[in-house]
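Participant: Questions regarding the structure given below will be posed in turn.
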Amino acid sequence: MRRRRDPFDLFRDFDEIFNQMIKEMEAAEPKMGTETPFIYGFSYSQRPGEEPEVREFGNVYPGKTQMEIGERRPLIDVFDTEDTVHIVAEMPGIEKEDVDLDVSGRELLIKASRGPRSYNETVELPANVDLDSAKATYKNGVLEVTLKKEKRTKSKKRINVE
């Protein structure tokens, strides 16, 4: 026979969950310092006819049981025009000399570090790009990268049979 649940069981469950949360916060407390803020955010974009895209940025991510402070993911926007791909990344607190960029295939790797602040992100590019056309500027915490799309060769070529 099934035991009837006490109406106060729900409150006991909440109490257990709350106590577990307190234990996790106390365990993470030594990592909490004033020198490194916790940052979390997201951006949402949707192009006509495509699925929505949600990108997270910051140094704390939801769903993790332990807080990890380290590299941040910058807020990034990718603009796909007819002949170029333009990437804008917000990375405050660093200098131009601290930024390392590598592009290969359809990926742009962004790394930057100065003191306790560091950023790391791999950006998937919407098209193949001409690697030699890359231009980048960094001003007032904003990195802008412009890449020309690879010129397509003829879409059709006649092949002679020998």
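Think of each number as a place in line: the chain as shown, counted from 1.
Backbone N, Cα and C define each Cβ position, glycine as well.
The following feature annotations were taken from TrEMBL:
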{"type": "DOMAIN", "residues": "66-162", "note": "domain 'SHSP'"}
{"type": "DOMAIN", "residues": "71-160", "note": "domain 'CS'"}
Participant: Report the mean pLDDT of the predicted model across the domain 'CS' (71-160), rounded to a whole number.
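Facilitator: Mean pLDDT for the domain 'CS' (71-160): 86.
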Participant: With DSSP helix as H/G/I and strand as E/B, how many residues of the domain 'SHSP' (66-162) fall in helix, strand and coil?
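Facilitator: Its residues divide into 6 helix, 51 strand, 40 coil.
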